[in-house]
Every structure is written in C-alpha cells, then in structure tokens.
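Inspection log for the structure reproduced underneath, given as structure tokens.
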Amino acid sequence: MSHPADENVETKEMDSRSLSSNGQEPYVHKVGIPPKQSFFKEFLYTVKETFFSDDPLRPFKDQTKSRKFVLGIEAIFPILGWGRTYNLQKFKGDLIAGLTIASLCIPQDIGYSKLANLSPQYGLYSSFVPPLIYAVMGSSRDIAIGPVAVISLLLGTLLQNEIDPKTNPTEYRRLAFTATFFAGITQATLGIFRLGFLIDFLSHAAIVGFMGGAAITIALQQLKGFLGIEKFTRKTDVISVMHSVFSSAHHGWNWQTILIGATFLCFLLFAKHIGKKGPKYFWVPAIAPLISVVLSTFFVFITRADKHGVAIVNHIEKGINPSSVKEIYFTGDYLAKGVRIGIVAGMIALTEAIAIGRTFASMKDYQVDGNKEMVALGAMNVVGSMTSCYVATGSFSRSAVNYMSGCETAVSNIVMSVVVFLTLQFITPLFKYTPNAILASIIICAVINLVDYKAAILIWKIDKFDFVACMGAFFGVVFASVEIGLLIAVSISFAKILLQVTRPRTAILGKIPRTTVYRNIQQYPEATSVPGVLIIRVDSAIYFSNSNYVKERILRWLMDEEERVKREYQTRIQFLIVEMSPVTDIDTSGIHALEELFRSLQKREVQLVLANPGPLVIDKLHTSNFANFLGEDKIFLTVAEAVAYCSPKLAEEP
C-alpha cells in the first residue's frame, strides 16, 4: 500500500508493525522525523516569519535592475505607482471628498487644539502639512489625516503634567513639538525595522475600553466651554471635573453660552441622525459643523454676546506654518520628557491609524501595508514637528466621511490640505467671534460614537477576560487619568497573554460513537471513554513557562479519573495517552517535564503513550533521546492507533 508524502514534512522513515485484532493486521505508520535543518536555516526562517511574513520582496522577483529600482522608489512613495493611472474621473471623486472632509476638519481642528492646550492655529497647521506628506507616502486610499480627539487629549494631559500651558506657553509649545518629533521617530522606526507586530499587543477589547473612557473624559472636559465656566480643574478624572462643574453652578455658569451650546448640539445630533438614514445623506453630518460655526459666529457678532460673558476664540494667527525646527528640544531636561510622551502618543496614534486603514481597505478589497503606513505616519509627524504641527493621525469620523464621499485615492487629503491652506491665508480672521460653546458642541458630537457599548456587550458575551480588560481601561481613564487607563489596558492585555502562555488548556478526550475520532468529552457528551485508558490533549506549546503546570495538570486529571473508576468499579487506568497535535513546539524544560511525568506514571504503574507529535516536537524528542527513553513503540500517528495498541495489552491483563 502506497502512502503520499506530506507536502510540508518529508519523513525520514516509514515503518510498520502488526497488531493482532480480529485476525486482521492493520498497517500502522510510525511518526515521521523531519529532515534535519541547519541552525542557520531555522534562524533565517524564524526571522523571515517574524519580520517579513508579508514577503515584501515578492514583486521584485525576476525583474530587471532598472525595474527593481523603480519598484523600490514606488515602495517608498506609492503615489508614483497609482499616480500613473490617475485620471479626471478619479479626481472628481477626490475633489468632492476633499472639500467635504475639509468642511468637517476646520471646526474640529480648532476645537481639538484646545484639548491639546495649544492655540487654534496649531490644529489647522496639523491638517495642512501632514496630509500632504501622507498622500505621497501612505498606502491607504481612504484614511483622512489630521488631529484627533483622543490623541489631542492624551498629549494635552501628558504635557501639562510637565509644564503649565498658561504660565509657560512657549516652553509648553516647544515640548509639544518635541513630543511630536519623537512620536514620528517611534512610528517610522517601527515601520523601518518591521516591528509593527508590537502594536498588536494592545488588544481590541482594551482599545474599545480606552476609546470609550477617553470619549467620556473629552466630553466632560467640554463642559468648561459648554457652560461658560472660567475657572476649571486641570484634572481629567470624572470626580474632579464634576466637582469643578457643580461648585461653580451658582456663579460660574453663563446662560447665553449654554443656550448657544445646547441649540447647536441638538442641531448637530439631528444632522447625525439624518446621516444615518442612508448613504445619500452622508454630507448632512459632514457639513453641519461648519454651518454651526458660521451661524453661531454671525449670531455672536451681531448681538455682541461676547460682551455678556460668552467666551469666543478671539485671534487666530493668520498665514501658513512657521518653521519650528529650532523649537524642538534636542538637549536639556525636557528631552527625556519629550521622548517619553512622544513614544506613548506615537504608539496610540499608530494603533488608531492602522485600525482605520485596515477597516476601510477591507471594505474596498485592497491591501494596506502596515509597515509602509508606519513609515508614512512617522515621516509626516517628523516633518510636522518641524512645521509647527502636533501629532496627527487617521481620524475615524473624517475617514468615514471621506469613504462615503466617494474618494478614490489619497488626493482627497491633498484637496483638504489646500482648503486648510486657503483658510489659514485668508479666512482665519472670520473665526474671531466663534464661541467656544460651539466648538465644545462639535467635539461632544464627534466623540459620542467612540463610546461603543455594542462592542462592549459583544466582548462580554465572547470573552469575560477581554471584558475585564475593556472595563479596566474604561474606568482607568474615567476615574483616574488617560495615562493610567492606558497603563491598565496594556497591563491587562499582557496579563491575558501571560495567563494563556503559563496556563494552557487541557482536555480529556473520548471516542465519538461509530467513528475512530476522539474529541473533548465536555464538547461532545456522547463521547465515551476507553476502559483502562485516559486520553488527554494539551492545547499549547510546552515551554519553560508552562511545562510544570502541564505535568501537574495531567497528573491531576489522572488522579480525578482514578478516583472515578474506583468509585464506579471500572477498569483501573493503565495507559495515559497524551494527544500532542496542538503542541506546536517544546523546549528543554518541556522535555524535562515529560521525563518527570513518565517517572511519576511508572510509580503508579501507568504507561505513558504519545499521539501525533508535530515535526518540531518529534525532532526534539529524538534529539534529546526521550523517544528512546519512552520507547518508540509508544509514539503513534493518531489517537486511534494508540488506543488500538493499548487495548490488546489490557485484554492480556489477568
């Protein structure tokens, strides 16, 4: 009888041994040992799968040197690739999308800069230069670049812990540019060295909780502008904010400000409701913030409400971004602080941008290169830090509008940038009488969707530990601070990884009736145990971090089973089969644990049998001589063959 070779593992030896069962002699495969690989080849394979799993050099195969050079340039500047097929039809879509997101970004940028404790023009600056850099280097067609609420709040919170923005505005601004520079360096470094997998350590559940908590915090911070409060706490936790709000209720609230804020917040929420009625109404919530700014500014101007306590934006610096290269701290006490803040802000901005880019890429069925994205985002923030910008990233709300507007390429970012440029050159004086209340309303309306309670409910249903991570991040942000919430989110995510690594799942297997298939008896209650045989599956690689636990857990399973069969007067357990197909790898600690398990079972007069060890595992079992120590006749290809081996032995027992 011929057997086809496995495509992935070429076996060194194929052996057979006969077992007498009902007069038949079934052919039983011996577990194959893969051919020896040199350490250098194994090392290269591991490096390739870790850092180059997407095979970035595939397009360069079988190409001429000149073509390889062109492809290399296009890899750095993707615009040179898709730009060759760009046409007027695509430009029409990009023009409409760019104008639409510009109308949304201008009022948002002014508001977000206040979250970062910076003057309004810095928000506009950050939607002028960074989108231009991204359009040239980015690989996403739909992402819209600019300041976002969460990063603005995070940056503002971390920076004001170091420098008071009111008493030392110049040093504060310089530290903001320094943090932006190192945020860009962090992002670009991750991309260049292909370390993008590091951002995956922040789980989806933790991000949902962090974003929800940040949204609540941002909305609470807007109560200062929404209620017209002059003296407001610098702390961001909900208790401090609510104490500050209610302690000023009798003398610090301004009814004209509240009227303006409440009226336009209702208008914005109504516009958002209209937008949900269908794709053709996408422009309603997109244009509503700009309409609100225009109307509220006009109202304040003609009524001179600013004379009656309504706080206004006042002066916005006119003109394009001045150079800020000399303002970045490259030496001194603030350098280390700028690096620390920049790394944190850069990682969070990167996580948000990559998630947004992948989301919209999947909708249009194209690929986003995560490492190219990191380099592009890093480059735009480095350049941005030198042109008076603070940390910019992908905005979900603007990207959604960009997508719904029918954008075709990153040219929509260029169109938005041009509109912001014209605004900075000619229109900023018109924002002088814009009330702070309308900016607060715009931000509150924008961050509402970040509280994704449906996702939290789904997380609760799927994984309770994930829900703990989600709620930990949420309550950490709301009741402590943004950085504490972030720390909790990362800590719980790592705790989950450690728990899964150090405490892998194990299961007792039983035979599915009328088959030779063995499955978890908890999942399949109809599965029956084999008399005198205990079958246990280990659902993880066996490493130093969990080897002792795996050994002890198997022995506990055995003790429980021995107590059960003794209680029910069944056949004594004489064989313990370990199903190893999920065990992808094993180290020296794992092999040592198997040796200890073997000795413990010997004392109990129970024989250890292994089933279906993978190529890496069987290779290491032979290299360590454990296979000979155990006996090669006790290592089987399947559980069914292992049971078939044990059954005649049981029949021979007196």
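Each residue, glycine too, has its Cβ placed from N, Cα and C.
TrEMBL: automatically predicted annotations, no manual curation.
What TrEMBL records for 1-16 is compositional bias 'Basic and acidic residues'.
Per TrEMBL, the feature region 'Disordered' maps to 1-26.
Taken from TrEMBL, the feature transmembrane segment covers 175-193 (among others).
The feature transmembrane segment is assigned by TrEMBL to 205-223 (among others).
Summarising the annotation, TrEMBL assigns transmembrane segment to 253-270 (among others).
Nonlocal intrachain contacts for the transmembrane segment (282-302), taken as residues 6+ away from its ends with a CB within less than 8 angstroms of a stretch CB, comprise 100-101, 103-104, 106-108, 260, 264, 267-268, 271-272, 274-275, 310, 312, 401, 404-405, 430-431, 433-435, 437-438, 441-442, 445. What TrEMBL records for 282-302 (among others) is transmembrane segment.
Annotation comment: TrEMBL describes 339-361 (among others) as transmembrane segment.
Counting only same-chain residues 6+ beyond the ends of the transmembrane segment (373-393), those with a CB under 8 A from a CB of the stretch are 76, 113, 116, 118, 122, 125-131, 133-134, 137-140, 145-148, 151-152, 155, 176-181, 183-192, 196, 321-325, 328, 342, 345-346, 349-350, 352-354, 357. Annotation source TrEMBL lists transmembrane segment at 373-393 (among others).
For 413-431 (among others), the entry in TrEMBL reads transmembrane segment.
For 438-460 (among others), the entry in TrEMBL reads transmembrane segment.
Within its own chain, the transmembrane segment (472-495) is flanked in space by residues 153-154, 157-158, 201-203, 206-210, 212-214, 216-217, 235-239, 344, 348, which lie at least six positions past its ends and keep a Cβ under 8 Å from the stretch. Here TrEMBL flags 472-495 (among others) as transmembrane segment.
Secondary structure by DSSP for the domain 'STAS' (523-646): 62 helix, 21 strand, 41 coil. Annotated domain 'STAS' per TrEMBL: 523-646, in sequence order.
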